Amino acid sequence: MFKQGMTIDDYIKYLQGMNKEIGDSSLLFGIISAYPVFMVLAVFTVIAICMYQLKVKGIPTRDFEIGLIIVVPAAVLGASIFGKIFLPNYQQWSNVFKIVFFWEPGTSFFGCLFFGVVSGLIWFSYRSKETRISTWVYFDIIVVNILIGQAIGRWGNLYNHEIMGWDVDYDQIKWLPSFIRNRLFYFPNFGEFKTINGEYLPLDWVSKYKENTAFLTDYVNASNTLLSEVVQEKIQFKAPIFLIEGILNITLWLILTFGVKNIHKVINYKNNPWVTQPKAFPIHWNKNYKSLPQKEIVEWPTLSTIKYKKTKEGELTLSLKNVWRKAFFWKTPDYEQNVQLFNKNEEWKKQYNIDKKKLSKKMFKDKYNIQIRIFNINPYSKEITKANNPENFKVIMSGVLTGCYIFGYGLIRIVLETSRRPTEYIISNHPIADFIVLSLILTIGIFIICINQFISPKKWREVGWLYEKSY
């Protein structure tokens, strides 16, 4: 049935043969609207992965669970509002309230991300004062896993005939399963057709089509094109951008989760733990001690028990993951040094608050530079960071993964954006504004990476907080 050159009329007759309407194409298994199903599936998948990763890192999940009640509704509303507010249909006063109808086609991922991030930032920042867990710790987990949710959600776009790419012949997409390739085209906007009396096209018009096609000449769209003419137009099949973007999202997730997050295992090749302290880290790559008897292994306090593997000879060895847990991530910093740093830091804060109240503005400005006054710089931050990484290992700092996600997904969008319909841009129908926003997103991603990797550890770290490790 489906072939290059088929018309809307052919497609309607195909539907009639199965007693279906145009809208049935958006149903999953012919039963339920696919879009909200994939949206819900995406949300719960992201939540499940985040819960697992939080438990693996030993982070309490209570604040995350409460945060979901705030973040998920905000993100869903943001997606709907941003996705519809720039469309002409929703700029009429009679329809403007429908911008919050998230179950209808027309959602913006960046609207979802913006509202979700803002609400999450407010909640986790508020809770961090009590839990002393950096907001970036949560963001590095949640934001990266959103990529999986995006890949799942794109299947809802397929069923809504959205997020298509460049023109292709039907033969070029025959390698795809029929349920995909037979949806790779845009429908005309049947919702805008109405009579001269203002009566819109009824939803069940396809069922009437078989009996009498004369009524089609009664309906025109905003361009004064008759519905009878539109149904004779050829269907233009499209490339599966939704699928390409989904694959790229999963690829980026794999790179961030298993690549960037573990890059310290590669970049410290000259300063590996088993090179600097061979007897503390028996491992396959240790030239001197691939395994050791338990009594010969150098130990020190860690936040949790390090698990060793026993060899056939009865000696102990470590996995690469546990080497880095023992060397850095779970290593307990020097207690006395940390206490001294904490006391000095608290004393400085106390004196700062006293001076802020008692000193004149000029004296206060002379004593404390603009970085401390405006940006709340901690003068002991660099010393605190050094105390928690005395071996000077090169590691990815808390917050960098969030920046990598923003930069990476922004790059994916820029590459694929020109293949989309203008109505599917971040800023619908405004290509210049759209690419300005995308460029800004890339810049924000780079900024977050640089701030968290190179500046934040020297300016804002405090004793007793959880960042990429517990300080």
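Each residue, glycine too, has its Cβ placed from N, Cα and C.
Annotation comment: TrEMBL describes 27-54, 66-87, 107-124, 136-156, 241-260, 395-415, 435-455 as transmembrane segment.
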| When counting Cβ pairs under 8 Å to the transmembrane segment (27-54), the leader among 66-87, 395-415, 435-455 | 66-87
| note | Among 107-124, 395-415, 435-455, the most Cβ pairs under 8 Å with the transmembrane segment (241-260) come from 395-415
| For the transmembrane segment (136-156), which partner among 107-124, 395-415, 435-455 gives the most CB pairs under 8 Å? | 395-415
